[in-house]
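Enquirer: Below are the features listed in TrEMBL for this protein:
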- B:80-97: transmembrane segment (TRANSMEM)
- B:117-138: transmembrane segment (TRANSMEM)
- B:159-177: transmembrane segment (TRANSMEM)
- B:212-229: transmembrane segment (TRANSMEM)
- B:241-262: transmembrane segment (TRANSMEM)
- B:274-290: transmembrane segment (TRANSMEM)
Amino acid sequence: MVSGAADKLEQELRRGVLVLAVLSQLRTLRYGYELRQSLVERGLSIEEGTLYPLLRRLEAQGVLRSEWRTAEGPPRRYYELSADGAELFEGLTATWRGLNTAMDLLLEGERCDDR
Amino acid sequence: MTADELIDGYVAEVVGLLPRAQRRDVALELRQLLSEEVAAAPDRAEAARALLAGFGRPAEVAARYGTPVTLIDPADTRRFLTLAAGGAGLILFAAVLHELIERAAPQRDLERAGQQALPFVFAWLGLLLAGFAVAAWARRRRPDTGWQPRPVPTDRINRLGRAAGLAFYILGTLVLLDPARVIVPLAGEAAEPALREAFAYDGDFLRVRGPVLLALLVASLVVEAVLVVKGRWFPLLHHVTLGLGLVMCAVLTWVIGAGPVFTAALTDQTAKEIVGLIVLGSLIDLAVRARKHHVRRAVHH
């Protein structure tokens, strides 16, 4: 029961940072598989079934723009931040840093209380 | 199956659930991405099988490509289920009451009555679903401005209103003792024989069911009088009222089903139909009151 809840909570935590992580890697053009590899290499594993539809949703929301490219092998859809997406990325990054600081303080406080 | 066949089958299931305009593009991209995931594997078919198993149900993946349509908001699900189950139960019970009123004991078939009520149950569920879906759609289009304050439920009662209600119930009970006596002065002496005949109680009813019903009515009046005197609900009174209400519904159902109440068929039929409606209304009222009571208890303790 507790381990099931723990898995769910960890998934929710990861889901919260997913969009920002994806945006951070799309400041340059990347296609889905390449993007996933890039995230995995930096320690953030993400399920394909979550990532690939997310790219389409972000594109539909105007956060990303995409194009098909065939020059470097089979046809692949490449994504990168749109102008609005770049602005959003800046905003989300600032929010993330604020949250990070607050969480550090909270977690640090927790450790001090324990002592 | 080869890896390509597995991937094609999976992609077909996903894009089949997407809007037409999206299908071709998503199919091309998803197929390419999945193929690339397994390209380097020594056994591509096995790798594809494992990959697709982890990818999730095609319907879930398709839902992630867009904004899934929510018919009933998760926040409304509990209320929906309560109303669905409560309404369905009430319709089935109404069908049983109808059968008890319409047919005498040997011809009664409660199972058939229940089956005949099923279309009404499904109609209720359909209406409820449509209502909740429209409400959810309207809320998404125009989100709530916020919570609107409402008075907190309290134990206090409207004493004057309850006292007036009690007087009305006492009068009603007296009328029930001899309906013809009340109606004759209004209709004229000439109509007395016909009215006496129309409102004559059945002998069997007067022997057992009548006295039991009268005792329950008097008990209800006493409880109501206690409530008026106290001016507020308290737990014991609440439980007694609820219990008495349930017993009253059960007894009224028995009164309807155990034989004629009036000797005149038309009066008997009409009276039983009215009583049937009162039972259904009382059951709804009891459920609402029980819920309010629990909310009051939760807030004030």
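Positions of Cβ are set from backbone N, Cα and C atoms, glycine also.
A TrEMBL annotation is a machine prediction, not a hand-curated record.
Can you walk me through where each of these features ends up in the structure?
Expert: A Cβ distance under 8 Å defines the sequence-distant neighbours of the transmembrane segment (B:117-138), meaning residues of its chain 6+ beyond its ends; these are 70-73, 76, 80, 83-84, 87-88, 91-92, 94-95.
With a cut-off of 8 Å between Cβ atoms, the residues of this chain six or more beyond the transmembrane segment (B:212-229) that come close are 157, 159, 162-163, 165-166, 169-170, 173, 176-177, 237, 240-241, 244, 247-248, 251-252, 255.
Below 8 angstroms of C-beta separation, residues 97, 100-101, 104-105, 198-202, 204-205, 209, 212-213, 216, 219-220, 223, 227, 268, 271-272, 275-276, 278-279, 282-283, 285-286, 289-290, 293 of the same chain, each at least six residues beyond the ends of the transmembrane segment (B:241-262), sit close to that stretch.
Residues 86, 90, 93-94, 97-98, 101, 241-242, 245-246, 248-249, 252-253, 255-256 of the same chain, all 6+ positions outside the transmembrane segment (B:274-290), place their C-beta atoms under 8 angstroms from a C-beta of that stretch.
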